[in-house]
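**Student:** Below are the features listed in TrEMBL for this protein:
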BINDING   Asp80, Asp356, His360, Asp397, His398, His473  Zn(2+) binding site
BINDING   Asp80, His191, Thr193, Glu351  Mg(2+) binding site
ACT_SITE  Ser130  active site, phosphoserine intermediate
Amino acid sequence: MLWLCRAARQPQRDNNMKVTTLLIICSGLIFGSLGKPQFPEREKDPNFWNLGAQQTLSEALTLQDLNKNKANNLILFLGDGMGIPTVTAARILKGQLMGQSGEEMQLEMDKFPFVSLAKTYNTNAQVPDSAGTATAYLCGVKANEGTVGVSAAAVRSQCNTTQGNEVTSILRWAKDAGKSVGIVTTTRVNHATPSAAYAHSVDRDWYSDNEMPPEALEAGCRDIARQLFENIPNIDVIMGGGRKYMFPKNMSDVEYPGVAKQSGLRKDGRNLVEEWKDKKKDKKGFYIWNKKQLLSLNPNNVDYLLALFEPGDLMYDLERNTETDPSLTEMVEVAIKILKRNPRGFYLLVEGGRIDHGHHEGKAKQALHEAVEMDRAIGRAALMTSTYDTLTVVTADHSHMFNFGGYTPRGNTIFGLAPMTSDVDQKPFTSILYGNGPGYKIVSGGRENISTIDYTENDYQAQAAVPLSMETHGGEDVAVFAKGPLAHLFHGVHEQNYIPHVMAYAACIGQNKKHCVSQSGTDGLSPFRHIYERLLFVVLLKNWLSKWELT
């Protein structure tokens with residue numbers, strides 16, 4: 001029987017479907033003949049499950065003593081495109097990378113005691129984009145798709161709708177309160193998610209003046225890269241990609257000299273990096289562009305850090321050069337070391353931005369490894385902070401048309417085949433599939449037979465039901481995981497713009513300060529905070545209703 005299975009691994013192309021079916025049968029026979037259960041032996045004992053549930057119940061009961069401290073520090077981990085199916089698949093992958101079957105593994109975010117759901121729609125879109133959602137969870141205001149840092153009164157790409165419709169972010173509120181602030185991302189630092197923290201742009205694609213229409217420039221609109229340095233000039237830590245948007249057009253890149261597509265893009269001739277360095281030269285400011293420089297820094301001697309590791313987005317974690325390119329975990333560690341020196345605390349936005357890119361390209365393996373790396377970064381941040389005074393929130397901006405199924409057995413590799421062939425076209429299929437995207441392929445008038453290709457390679461594009469050059473977002477709610485002071489306020493189902501309001505409330509910054517009182521010379525949370533909150537809401541609601549009655 002084992003010989004038969006080995007022989008089946010040498011298929012002839014004209015017999016692939018039969019061979020794949022034989023392989024599936026063989027795998028089942030091998031498991032059966034060797035007598036190996038497909039799950040741990042202890043799971044056969046009811047006591048295993050009963051004791052585990054009782055332990056979880058005991059831990060849950062301790063949550064009745066709510067953490068009502070003031071949050072000195074705020075951390076938001078944003079997994080771009082990290083819908084709930086991605087969270088589940090990443091959990092399994094993490095476990096399998098550690099030699100386990102995977103399903104029973106816990107992600108770092110799984111350990112957070114409070115979980116809620118956020119509704120992700122944009123004001124003008126049922127299925128959202130990353131710009132409108134970023135405005136919601138950073139600025140506290142829902143917005144139109146494609147716009148950042150402006151209200152829904154602004155119209156995408158119409159420069160003249162910018163002025164008067166700007167909305168500020170929690171990063172700005174934290175900075176105004178005297179906290180240190182930072183942005184860490186695996187995308188360009190002027191991409192949709194990070195840009196909503198500092199920019200006000202009616203078009204998310206206006207990365208530099210090179211991408212802007214002449215009429216927008218003539219009307220006085222500024223590109224997002226400029227706004228990074230001009231709107232909030234003292235952001236303490238900026239890490240990610242996007243070098244080419246900071247340098248004059250055709251200026252050769254330091255890492256890819258002579259490569260035209262990596263060269264500078266700015267038409268105005270400005271060198272934004274040099275301008276930043278000039279302003280920070282006497283303020284312990286450092287500009288770096290590689291991992292060696294990052295890890296050689298002494299965080300105690302750094303007040304400002306600008307780190308741009310790629311001309312565009314950072315490399316996928318599976319593809320990055322571990323000698324020259326830092327991981328998200330390494331970036332987060334350095335960022336926290338710098339920011340936590342401020343006794344007034346800090347706000348840090350961390351984006352695992354390429355989860356989204358992997359899904360758009362139909363490359364589930366890239367996307368899931370990005371999610372696992374972000375989870376490592378969450379774990380590292382946990383070791384460096386305390387839930388006593390640090391509110392940490394993990395969420396996503398939106399989901400994707402990604403899922404996995406097919407009645408796979410316990411421990412099935414997350415990138416593997418379903419244990420049966422289709423009863424319609426008699427071909428095998430992977431557990432992971434997309435609702436739409438570039439993985440849709442027709443070969444000889446039918447669905448591609450994946451037994452003829454390597455579906456385990458990093459860039460394999462999983463099969464999709466509808467052909468698209470780029471897979472789309474999904475419209476379902478996303479999870480919000482929270483721990484630390486007032487994390488229990490993340491409960492039930494809320495609008496996505498609720499997120500920064502809770503975080504600001506916990507830290508006594510932004511518009512919610514009346515619940516904070518002085519206690520022995522320090523700010524604390526008043527026992528009457530709920531009364532203050534309700535009174536404030538009544539006043540705001542009354543004013544809002546009066547406004548609309550007049551119109």
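Backbone N, Cα and C define each Cβ position, glycine as well.
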**Student:** Rounded to a whole angstrom, what is the C-alpha distance between His191 (Mg(2+) binding site) and Asp356 (Zn(2+) binding site)?
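**Tutor:** Answer for this pair: 12 Å between alpha carbons.
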**Student:** Work out how many Å separate Glu351 (Mg(2+) binding site) and Asp397 (Zn(2+) binding site) at their Cα atoms, rounded off.
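**Tutor:** Given the Cα positions, Glu351 (Mg(2+) binding site) is 10 Å from Asp397 (Zn(2+) binding site).
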**Student:** Whole-number Å distance between the CA of the residue listed as 'active site, phosphoserine intermediate' and the CA of Thr193 (Mg(2+) binding site)?
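**Tutor:** So the alpha carbons of the residue listed as 'active site, phosphoserine intermediate' and Thr193 (Mg(2+) binding site) sit roughly 6 Å from each other.
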**Student:** Taking just the CA atoms, what is the gap between His398 (Zn(2+) binding site) and Thr193 (Mg(2+) binding site) in Å?
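**Tutor:** Here the two Cα atoms are 12 Å apart.
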**Student:** To the nearest Å, how far is the Cα of His473 (Zn(2+) binding site) from the Cα of Thr193 (Mg(2+) binding site)?
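**Tutor:** Given the Cα positions, His473 (Zn(2+) binding site) is 15 Å from Thr193 (Mg(2+) binding site).
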**Student:** Can you give me the same-chain residues 6 or more apart in sequence from Asp80 (Zn(2+) binding site) with a CB-CB distance under 8 Å?
**Tutor:** Ser130, Thr187, Thr193, Glu351, Gly352, Gly353, Arg354, Ile355, Asp356, Ala396, Asp397
**Student:** Residues other than Asp80, His191, Thr193, Glu351 within 8 Å, Cβ to Cβ centroid, of the Mg(2+) site?
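**Tutor:** Surrounding the site, in chain order, are Leu78, Ser130, Ala134, Thr185, Thr186, Thr187, Ala192, Pro194, Gly352, Gly353, Asp356, Asp397.
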**Student:** Most Cβ neighbours within 10 Å: which of the binding-site residues His360, His398, His473 is it?
**Tutor:** His398
